[in-house]
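Some features that TrEMBL has for this protein:
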| type | residues | note |
| --- | --- | --- |
| BINDING | G165, R166, S167, I231 | NADP(+) binding site |
| DOMAIN | 11-120 | domain 'Tetrahydrofolate dehydrogenase/cyclohydrolase catalytic' |
| DOMAIN | 139-284 | domain 'Tetrahydrofolate dehydrogenase/cyclohydrolase NAD(P)-binding' |
Amino acid sequence: MTQGTAQVLAGPPAAAALLDEARRRAARLPHPPHLALVRVGEDPASVSYVRGKAKKASEVGLSSHVHALPGDTTQADLLALIGTLNADPAVSGILVQLPLPAHLDPAPVLLAVNPAKDVDGLHPANTGALWNAHEGLRPCTPAGIMALLAHHGVPVRGARVVVVGRSALVGRPVAGLLLNADATVTVAHRATPDLGAVTRGADILIVAAGQAHLITPDMVRPGATVVDVGINRVPTEDGRGRLTGDVHPDVAQVAGALTPVPGGVGPMTVAQLLMNTVIAAERQHAQPEVTGELVR
Ligand code: NAD
């Protein structure tokens with residue numbers, strides 16, 4: 001790998017700042033915000049992610065509980081648990097860890113979560129609020145990307161931003177957040193012809209395609225800020241594999257600033273989840289009526 005020259009936009013200090021803010025705001029509430037983590041089955045990655053979220057929650061003074069359901073849980077039982085958590089005023093936020101086992105349909109499950117407790121920000125009420133620039137809970141990775149840019153002083157207002165990827169989880173919501181922040185946004189995807197011609201127009205290039213090293217130096221405007229959201233496992237000689245992003249390492253020769261993988265966007269996602277739990281708790285404290293069963 002060649003030695004890069006781009007400024008490194010490190011995730012850990014930006015995540016630490018977000019966690020500090022979450023800790024400070026949580027301490028001002030009469031009760032610690034509570035995060036309900038719902039996991040179905042024993043998928044090892046999900047077990048590890050949920051454990052990590054619970055550990056970080058306690059580090060910032062939030063309480064949490066892991067609702068670990070057996071792998072053969074029915075859709076009705078899962079929906080019943082969501083209903084109980086929606087109605088429980090002690091629960092500030094609900095996160096259903098995806099993917100669910102194949103026999104369960106995630107769409108009705110995500111729809112069942114009370115939007116006021118939807119700390120993943122994926123309920124249509126929250127995605128609609130995002131696109132209309134109304135108050136709501138924002139999806140964690142996109143909001144984390146915005147916090148990362150802000151932490152490192154990258155101005156978004158007026159910037160030409162290209163987002164590569166249009167998933168519900170990353171590409172679409174980050175495009176919405178950027179529009180709300182007065183960026184000029186272009187969204188590219190799998191069917192975009194001559195991707196490089198589009199990406200070269202970006203002052204800020206955000207790549208969430210899930211394709212290792214899709215973005216090569218010739219596709220980047222000199223001095224641009226590049227945010228690499230991709231997490232790809234590539235094979236290594238020892239057979240263990242290693243993580244790499246969607247951006248080729250040589251892009252560091254051209255870009256003005258670049259997020260590393262790992263250690264860039266990754267740490268922002270969990271930090272934003274906890275921030276969302278605090279935001280949800282603050283709003284529920286101010287308006288307890290929106291947390292009950294009647295609001296969907
Ligand atoms: P996805 O597969 O749902 O969506 C990928 C998008 O990229 C699609 O819209 C597709 O059209 C586009 N795309 C794919 N190949 C392309 C190509 N060759 N040219 C142009 N566009 C192309 O993926 P996702 O859920 O949005 O995740 C994207 C990546 O981000 C993955 O590597 C994922 O692991 C990673 N991710 C990271 C975090 C984090 O916390 N850092 C969070 C979520 C996702």
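Placement of Cβ uses the backbone N, Cα and C atoms for every residue, glycine included.
What you see is a predicted model, and the numbers here were worked out from it, not measured in a lab.
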Q.
List every residue in the same chain as S167 (NADP(+) binding site), at least 6 positions away in sequence, whose Cβ is under 8 Å from its Cβ.
A. A208
Q. With DSSP, how much of the domain 'Tetrahydrofolate dehydrogenase/cyclohydrolase catalytic' (11-120) is helix, how much strand and how much coil, in residues?
A. 56 helix, 19 strand, 35 coil
(Q) Give me the long-range Cβ neighbours of R166 (NADP(+) binding site): same chain, 6+ apart, Cβ under 8 Å, in sequence order. (A) R172, A175, V187, H189
Q. Looking only at G165, R166, S167, I231, the residues listed as binding NADP(+), what is the longest Cα to Cα distance in Å?
A. 16
Q.
Radius 10 Å, atoms counted are CB only; among the binding-site residues G165, I231, which position scores highest?
A. G165
